[in-house]
């Protein structure tokens, strides 16, 4: 999920000059906004922008990282994803962070602001890059574990690049799905093959709740479709790994056949943030090929209670300190049983957006004020998240790496972590432990 609408809008507006320093008054986009209140707020926040631009961090592993987009089946029933992977050393350029202006229009719609705001955001943020080599050749000669990644509500495939790139730099292939369930702020497909051949995109935007809709019902339908999209993406990647000829509709420079015999088929996991965290649980309950799952600040509302007892695989909850609430934590607790591996940690001083790239593309002051940043340094937060994830993945995918050096993070043993949750559930029967043997004091 994205942050509260006004918070996100104000934060992005206030950071425009950080990305593209020009005379804002010369551009004068607020002249096109009818509401004087909006104009005044935007101008005031622009004046408050800090002078230093933040950047999305590079991966900390030993592998160079490549990036490409894959679309299989040109219709909106097909699979669309951004792939991060270990790459060969070459001179390919970095990857555009948000590659089409329509994604900014989708964000504008999600935020409930005029479409002009999408044009403004596109103008200033459209050239921001993320540190992965676009269409760089895959590093061959070994098989890689595979991660399927699910984005949050109002997000899309490209805005968790700090996680995808770091995992790829440690030797994973990461398939970041763009969901077609109506939860992405924007996505595109092609109406027919001829449209695909000439690149004539058809765009669809966030599905808004209609009057009379029950959110639980709508979100449950979406999370079921999302889980199927995760399995569908896995099917396609494994087909390519087997050597089945599958054409990338986008017809990019990246040769899909490079992926043949590149996947360690016994080492597959699913990770997701917020709505994507709920998708992790749904996917685990439906597809046993996912050996384990990591839910980042999961939003549990979309899930039926019935699935909690249908997840035998190891599951790791990594939460922020400021997003979670008792009802959400109680639902996580329903996944726990003595015979199942369950872990939970909370990153101290963190907010919901510490898991997404927005926390890196805004200045410190404004990012903090509008909850894109927490009290903890954004780089420290994502580093803890990624290292704890790597340790968990090594343990449950049987990897022969050195990620076990971070095993203590899984238990919340760091000055910036706490085991369990910071949420105080007063009924002792609702107390959530970090593991079946953990002491209750780990919760508080």
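The backbone N, Cα and C atoms fix where each Cβ goes, glycine too.
Swiss-Prot lists 1-21 with the feature signal peptide. Per Swiss-Prot, N-linked glycosylation site is recorded for 60, 200, 424, and the stated evidence type is sequence analysis. Annotated active site, nucleophile per Swiss-Prot: 274, in sequence order, evidence recorded as similarity to another entry. Residues or ranges marked as active site, charge relay system in Swiss-Prot (evidence: sequence analysis): 297, 352.
Positions of Swiss-Prot features highlighted on the structure.
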residue : record                           : contacts (Cβ under 8 Å, 6+ apart)
60      : N-linked glycosylation site      : 166, 169, 170, 383, 386
200     : N-linked glycosylation site      : 190, 191
297     : active site, charge relay system : 273, 274, 277, 318, 319, 320, 323, 324, 352, 355
Number of Cβ atoms other than its own within 10 Å, given for the residue listed as 'active site, nucleophile': 26
Residue 297 (active site, charge relay system) in three-state DSSP notation: coil
Recorded positions: 352, 424 - member with fewest neighbouring CB atoms within 10 Å: 424
Three-state secondary structure, residue 352 (active site, charge relay system) (per DSSP): helix
